[in-house]
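Let me begin by presenting the structure, written as structure tokens, before commenting on it.
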2 protein chains.
Amino acid sequence: MHDQSDRQPLPCPFEKMFPSQLQRDGEFYMKLAYNLAIDAWRQDEVPIGAVIVYEGEVIAAAHNATQSTLDPTAHAEMLAITQAANAIGDWRLNGATLYVTKEPCPMCAGASIMARLTDVVFAVPDPKMGCLGGATPLHEVPGLNHRVTPHSGILERECRELLQAYFSLKRQSRDQN
Amino acid sequence: MHDQSDRQPLPCPFEKMFPSQLQRDGEFYMKLAYNLAIDAWRQDEVPIGAVIVYEGEVIAAAHNATQSTLDPTAHAEMLAITQAANAIGDWRLNGATLYVTKEPCPMCAGASIMARLTDVVFAVPDPKMGCLGGATPLHEVPGLNHRVTPHSGILERECRELLQAYFSLKRQSRDQN
């Protein structure tokens with residue numbers, strides 16, 4: 001078993017956002033994802049959040065949970081996709097949009113294709129691990145039987161600050177122990 | 001909800017294999033994965049099976065379950081990875097080998113990287129959707145913080161026949177209804 005003793009719950013210096021329900025645009029949905037990322041931090045998880053929107057309704061909301069579940073597949077996007085399929089009673093999510101605070105990793109980018117999501121909107125691009133254009137455009141592999149369209153840039157600064165602060169404080173905490 | 005009325009349980013004309021326990025090599029483990037693929041067919045799922053081996057022991061065994069769960073993430077490899085992490089109490093599966101009857105899709109190839117599997121052995125290459133070299137070598141993306149090594153060729157003919165027969169019978173059944 002991997003040593004978990006270096007995991008210290010760190011107080012989160014960021015506050016949740018309270019977007020107006022009157023304007024349900026991309027920024028509104030990304031703020032919901034941001035709030036889930038804050039929830040993740042408060043539970044000592046990497047602060048990444050995701051929501052899935054279908055016909056104007058939020059049908060799924062989740063945050064990263066790999067540490068508490070010890071499950072490498074428990075990324076925010078994966079948990080949200082499972083919830084969304086359950087909500088509409090179909091594993092094909094055509095017409096749905098995933099909002100996530102960071103560009104999806106290889107697994108989650110692949111899942112967004114396999115789940116037949118129509119759009120994926122991410123806040124922070126990830127040139128190292130992001131697979132919707134950052135490290136590689138997985139969605140452009142020719143033989144795939146479904147095309148997902150990536151979008152980026154909404155709430156990028158806020159979501160990046162949250163992630164960078166988390167990893168920076170984690171490193172400081174580790175160095176002091 | 002997607003129409004499920006075209007789903008007819010089709011009798012499986014293939015039999016399980018009974019490999020000797022005395023020689024626990026790649027073929028032995030792939031035969032276990034093949035047997036799980038047969039189980040999948042009998043449950044009206046696409047016949048793909050997977051096992052994960054760690055320190056000589058099978059710590060996870062699963063088959064595709066997307067139809068019964070209506071969950072697009074319920075591929076054999078994903079379910080096996082979750083089981084394996086649970087079995088060893090760590091989300092990092094370094095040192096473990098995944099055996100699967102078909103080359104992993106974008107999601108499952110990504111998951112094998114994120115779960116830090118050491119080796120992935122697949123029976124049937126998939127030039128359209130396979131992401132460990134078939135359609136694209138996702139494991140070779142430069143920035144990734146873990147390298148998984150793919151291997152192929154074991155039990156290829158048997159696992160291919162199983163998959164091809166399943167889809168062929170499914171098409172016939174659909175055309176007759």
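Positions of Cβ are set from backbone N, Cα and C atoms, glycine also.
Checking the candidates A:H75, A:H139 against TrEMBL: the one annotated together with A:C105, A:C108 at the Zn(2+) site is A:H75. Comparing Cβ neighbour counts within 10 Å across the binding-site residues A:C105, A:C108, the minimum falls on A:C105. According to its DSSP assignment, A:C105 (Zn(2+) binding site) is coil. Secondary structure at A:E77 (active site, proton donor), taken from DSSP and collapsed to helix, strand or coil, is helix. Contacting chain B by the Cβ rule (under 8 Å between Cβ atoms), the recorded positions A:E77, A:C105, A:C108 reduce to A:C105, A:C108. The number of other Cβ atoms within 10 Å of the Cβ belonging to A:E77 (active site, proton donor), over all protein chains shown, comes to 30. Per-residue confidence over the domain 'CMP/dCMP-type deaminase' (A:24-151) averages out at a pLDDT of 97. Cβ environment of A:H75 (Zn(2+) binding site): A:I48, A:N64, A:T66, A:C105, A:M107, A:C108 lie under 8 Å away, each six or more residues apart in the same chain.
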